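Features as listed in Swiss-Prot:
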- 65-85: transmembrane segment (TRANSMEM)
- 69-367: domain 'ABC transmembrane type-1 1' (DOMAIN)
- Asn97: N-linked glycosylation site (CARBOHYD)
- 119-139: transmembrane segment (TRANSMEM)
- 193-213: transmembrane segment (TRANSMEM)
- 215-235: transmembrane segment (TRANSMEM)
- 301-321: transmembrane segment (TRANSMEM)
- 336-356: transmembrane segment (TRANSMEM)
- 403-682: domain 'ABC transporter 1' (DOMAIN)
- 438-445, 1170-1177: ATP binding site (BINDING)
- Asn552: N-linked glycosylation site (CARBOHYD)
- Asn633: N-linked glycosylation site (CARBOHYD)
- 738-758: region 'Disordered' (REGION)
- 781-801: transmembrane segment (TRANSMEM)
- 781-1068: domain 'ABC transmembrane type-1 2' (DOMAIN)
- 820-840: transmembrane segment (TRANSMEM)
- 901-921: transmembrane segment (TRANSMEM)
- 922-942: transmembrane segment (TRANSMEM)
- Asn989: N-linked glycosylation site (CARBOHYD)
- 1008-1028: transmembrane segment (TRANSMEM)
- 1032-1052: transmembrane segment (TRANSMEM)
- 1135-1374: domain 'ABC transporter 2' (DOMAIN)
Amino acid sequence: MAVEEKNSPTGAAMTNTGILVPSSQQSLPEWWTKTQKFFSRENTITPTFGYFRLLFGTQPGKTDIALIVIGTIAGIGAGIPFPLLGILFGELVDDLNSSTCSTTQAPPGGYQAAITTKVLQVIYVSILNFVCMYIHTGCWSMVGERLVRRLRTKYFHSLLRQEIAFTDTLPSGDVTSRLVSDIEVIQAGTSEKVGLFIGTISYFVAAYIVAFLKVATIAAMLMSVVPIYFLMAFGGGHYIKKYSGRISTHINAATSIVSSSLSHMSIVHAFNANARLEALFAQHLVSARMDALKKAITHSIQFGMLYFVAYASNALAFWQGSRMIADLAEGKPSKVSVGAVYTVIFVLLDASFVLSQMAPFMHIFASAASAGDRLMTTIKRQSAIDGTSSEGDSTISLASEEIELQDVTFNYPARPEVPVLQGVSFKIPPNKHTAIVGTSGSGKSTVVALLERLYDPITGCVRVGNRDLKEINVRHLRGSIGLVQQEPNLLDRSILENIAHGLVSSSQEKHKHLLPTLLGPSLSELTEKIRQGASEDEAVTEQGDVVREIVNLTRHAATLSNAIDFINALPDGLATRVGSSGAELSGGQKQRIALARALIRDPPVLLLDEATAALDSTSERLIQAALNKVSENVTTVSIAHRLATAKDADNIIVMQKGRVMEQGTHMDLVARDGVYAGMVRLQNIGKFSSSSSIMTESTQVDANIDRSLTTDTLLNKEEKLSLEQGVLDEKEKPAQLYMPEEADSLPTEPENEKEKPKQTLWATMKGSFPLIRPNILLISLGLITSIMIGVSYTGEAVIFGHTVGSLSVCRGGPSIRSSGMLFGLLFFILAIVKFAAVIVNGAAFGWAAEKTLYRTRVLSLRSLLRQPLEWHNADGRTPGLLVALVTSDASALSSLTGTTIGVLFSTVANLFAGVILSHVIAWRIAVVLLATLPVLLASGVLRLRVMAQYQKKHQKAYAKATAITVESVDNIKSIAAFSLEQEAYSVFNRSLKAPYKSNMKSVLHGNFWLSLAYSISTLVYALAYWWGSQQILAGMYTQVQFFIVLPALLFSTQSCGQMFALVPDISKARIAASNIVDLLSIKHEGDEEYDKTGSKASAKHTDPRFNMLEDKPRDVEAQLITTTPPSFPTKGMGVQFRNVHFRYPSRPNQPALDDLSINISPGQFCALVGPSGSGKSTTFALLEKFYNPASGSIIIDGVDITKQSGAAFRDTIALVPQENVMFEGTVAFNIGLGARPDVEATQEEIEEACRLANIHDTIAALPDGYNTVCSQDGKQFSGGQRQRLSIARALVRKPRLLLLDESTSALDVESEKHVQDALAKVARKTTIVAIAHRLNTIHRADRIFMIEGGRCVDQGTHAELVERCESYRANVIHQSLDA
């Protein structure tokens, strides 16, 4: 049952369908509802309607309506005063003409009084303009802030509602791109710039109204060009949207590479894969560059045409006006005065100028509409399986119902051509244990997904009792099932919250009253207090009885899952944060937490997909015994590769290639001597000399387990020892093994890094210059054309002043006509010159920006991939935040070589040219007006400071919300399985509250200075006319001089006002540049080559950070380069650990290795076994030099790697991690990543490695074969298939040392046998070290090291350890199918 959100941050309520509806929606007027429906139509495709659909198609509430209406009215009001100024100025021109042409000496006092009156009127207009501008910029800024918050929440909620098939086909990096890039574009296009644009349109319309009232003939002529403006705007918007879509596709693919690389830095380092990943990343960026250039050229043509039409139309107005004034001078009948013509030309010239300044805004609005459409596509999508819906039967109980699959066929949407299930039919009896076994990729996990209704069958059906699964409410169904997945996924919350997630949708009536607390902030606040030092009991008491009940249930579930002791051993206990996807916990710990999450809801149906695969055999046996007790009256479905965990099932279903081969009990299937019996023979661990002894031992162990289940703990003696020493469960520790979890684990980074001095502006500029330097010619061309554009305004002022002077009736008609023709022609020539300059400017800066963006992104990724793991796991350095460095920050920095810097330089050129010309023409007027410039600049600088502080303060705030969204999509199966949509949504909304409130305060503060910067120019108008008229009346200057100086300076001040609209972009670029310079300034080993004396050995490369940057990177996927491989050594490595002590930096009081000493001879196959947390995986971390030991030596081939700089020794080491990682790219690319850094794997070598890993046939059967694209993490492949791909990636390296961390845990017995045979082939030239809990995989090892408590307690062959090592023998017994 969905729960209503009483106080949603968006002012919305969640209906029983899970759809957000504004709380005020029902009271909205009918016209508004119809407007929303109109602009929500999917067939409304023009950019204009797309923009209105963005504003009105997201269910705005009353507040939003009020803000839009008030902001629009204020924007219209802000545009009206300026045409009124034109009327006043026209009357003033008539007065000045009358005084200069009069044959009698008129007293100056009359003219001075009229001027003073008009100046006061200008001041009143200025104040009105400031008020209107502040209102509309404030309102529209709030509209934009509220809109993007609604879009964030709606987009996130829509993602949560979608069926898993949708997220399976979602491009990797798409969510990050939508919530970072698209949201930023939308906010830029729906904030204060909208009010400014409305004001400009209002100005434009009002100007034409005034023009028609004054001189209708000229106004009508100029009115004909208005449709051209709209044609250019919409035509350009269409192409800009087209190219933006293409760019977005390429950038999303590139972002996926960044995201997956930064999320799996251990693999990147282990295989030195950074160069190959960088090349693939660059390849996607190059694909985007041509479309970006086309977009820039389209924009510059659109912008240039606006200038051309504006200036050409003014040329027409000058010419036609001169003819009318000439008629008046010749005494012909005419109602036109010089002032009236001046008013028309002045207001239309200024209106055209200001409208042309809005061209960049139109580009921003078009981009915002395009981004909004991309988001709305997902927001409006109807989910095929909606886990938040109230539809379906919510009364059926699964406790006593039979579950049946009837002739089910199924294909995954990501690979529709590959059949997964083919006519599968079987029954799952109630309250019985059904086990499903079979080869990897046979469809076992798919069956679980169908039972959870994460997918629907293509044909056939799944039934519960006599009801089709589709008839049952999805939330109710999933609430009745406890699921433990093959790869357990946890959310970035505390252990307490993760286990309590199992209660959120529990079908048990006794848990219903807990739901409001589970969805609220109580548990988060509780764990935060505990982490801050409060005792658990005190914090729980403060939160109340419901929270205490949840904590007690959590502890009980943790006890059942054998997790309570390791939780208690953690410093923060249940309050310990698990990190992104549980990265702060080991695999075994995550699996136990996931098991507790399933058991806490006391479900009638339990689905276990390899639920104990990551555990050592003793822990597995303990948990299995516990499961047997709690599942006595539970329908249990388990998937297992370890047949020892399935042999006691009431029914075993054997699957192969998507079909059911046979089913029955263990004894029946063994007797049948079919597929299952063959699997049993493959998995049994050898024969023992004394079977009776083994049976006796087995009986004793079972008795010990039964006794342990009656006590408070389920841990065995070895695990207690490990936990008392604080050793992490790092057998399956990708987080600790390959990534440390705390910020204080930074040996390469000083503790006071957070207090390091802020980059000065000069340091930032100096550090950014190497990024810009290669494009200096393009930038120079852009700067030259920017100066031309800026100076053209001064040229316009010169033409304008002479034109106004030539229209005086004191001159004869022929002279007026010839002057009008001349200056009209000059204006037309100016239009052509400016058109060409704008196009060249846009193309030059656009190309320079794209090349700088490419260079910055590639170098940023290069630097990130070269950082040590400790750096990546420092406080606040999540993959999501680091992705922003490569995407958002690089994009912001590139704007400094694009349109932003172009506008800035043209404005500065305009300012200097206007000031210089004014001083040359009429310095007395200019020097007074120039005194106002510092006031204008000061208002802009103050706003710059406000926006810079705002940007820096909240840079991480919304990144947290983005990280929550990305994490939720990455773990969408867990969220769907446990119906955590509402919980995730609540956490997401809470993360938005703080930045939203602070943003609103910044809006009110920052827009004050923006409004002042815009409005102050009208005060300059007032001062200019007052002082200029005094100078004319005093005979110091002529009208021509005045009307040159006036527009020259006023255009300059107006340009400054426009420049301050770019302050947010400049502020972002400043912060982004500082971030990127900081990143690129980090030194790496190998940046400089030194000889033995410490001096530089070579001065050839002045700064290696900027070397080897290919402008046209090779196609790393399509071209498998055949190279002559170097002569690799033909024998394995020798490895020695001598008295090694090690503690993880984040837990300095807890030893991980305690005087470990082992010796592995070259070419040996050795194994590390022992209980979870004994230090096995830590040895791999030290062998890969992810860490350095506190003391002792690690010697590889006679070289102590702890005393050597660099990590070149990794070139001949290959790692198969427990959690198998795939990157965005083809299968061939993923396998080729394993090749040594100086060699590209050929297709033949890749196929050979795949054959050895028993995955070649599977790949070859795919429609695209080795060119099949892997999504991020390879989710279209099964767990076993991914594991075999990882093995192939390791084998293609031809390693001398092969490290296998549970490398066959997800494999069926047949695949496991193939892999074991392959390893036997390569073992002749390779040293193999394996960590394993499945002892049948290592019982033939040359030497087995028994690791307990961080030290080696015994070593020998399998037979030797069975005879003399009690703990090893116990493990053998637990895994024996004969026991």
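Even glycines carry a Cβ here, placed using N, Cα and C.
Locations of recorded Swiss-Prot features on the structure.
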residue: Gly438; record: ATP binding site; DSSP class: strand
residue: Lys444; record: ATP binding site; DSSP class: helix
residue: Asn552; record: N-linked glycosylation site; DSSP class: helix
residue: Asn633; record: N-linked glycosylation site; DSSP class: coil
residue: Asn989; record: N-linked glycosylation site; DSSP class: helix
residue: Gly1170; record: ATP binding site; DSSP class: coil
residue: Lys1176; record: ATP binding site; DSSP class: helix
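For Asn633 (N-linked glycosylation site), the count of additional Cβ atoms within 10 Å of its Cβ stands at 10 [all protein chains shown]. When the alpha carbons of Ser1174 (ATP binding site) and Asn552 (N-linked glycosylation site) are compared, the span between them is 29 angstrom. If you look at the transmembrane segment (901-921), the same-chain residues 6 or more away from its ends with a CB under 8 A from one of its CBs are 360, 779, 782-783, 785-787, 789-791, 793-794, 797-798, 841-842, 845, 895, 927, 929-930, 933, 1041, 1044-1045, 1048-1049, 1051-1052, 1055-1056, 1058-1059, 1062, 1066. Counting every protein chain shown, 30 other Cβ atoms lie within 10 Å of the Cβ of Ser1174 (ATP binding site). Comparing the Cα of Asn633 (N-linked glycosylation site) with the Cα of every entry in Ser440, Ser442, Lys444, Gly1170, Lys1176, these being the binding-site residues, the smallest distance points to Lys444. In this view, Lys1176 (ATP binding site) is surrounded by 31 other Cβ atoms within 10 Å of its Cβ, with every protein chain counted. The two recorded residues Ser440 (ATP binding site) and Asn552 (N-linked glycosylation site) have their Cα atoms spaced 39 Å from each other.
Take the CB of Asn989 (N-linked glycosylation site) and look out to 10 A: across all protein chains shown you find 23 other CB atoms. A distance of 26 Å separates the Cα atom of Ser1172 (ATP binding site) from that of Asn552 (N-linked glycosylation site). Taking CA atoms as the reference points, Lys444 (ATP binding site) and Asn552 (N-linked glycosylation site) are 34 Å apart. Taking the recorded positions Ser440, Ser442, Asn552, Ser1172 in turn and counting surrounding C-beta atoms within 10 angstroms, the largest count is reached at Ser1172. The predicted model assigns the domain 'ABC transporter 2' (1135-1374) a mean pLDDT of 84. Put simply, Asn989 is the one of the recorded positions Gly438, Ser442, Asn989, Gly1170 whose Cα lies nearest to the Cα of Asn552 (N-linked glycosylation site).
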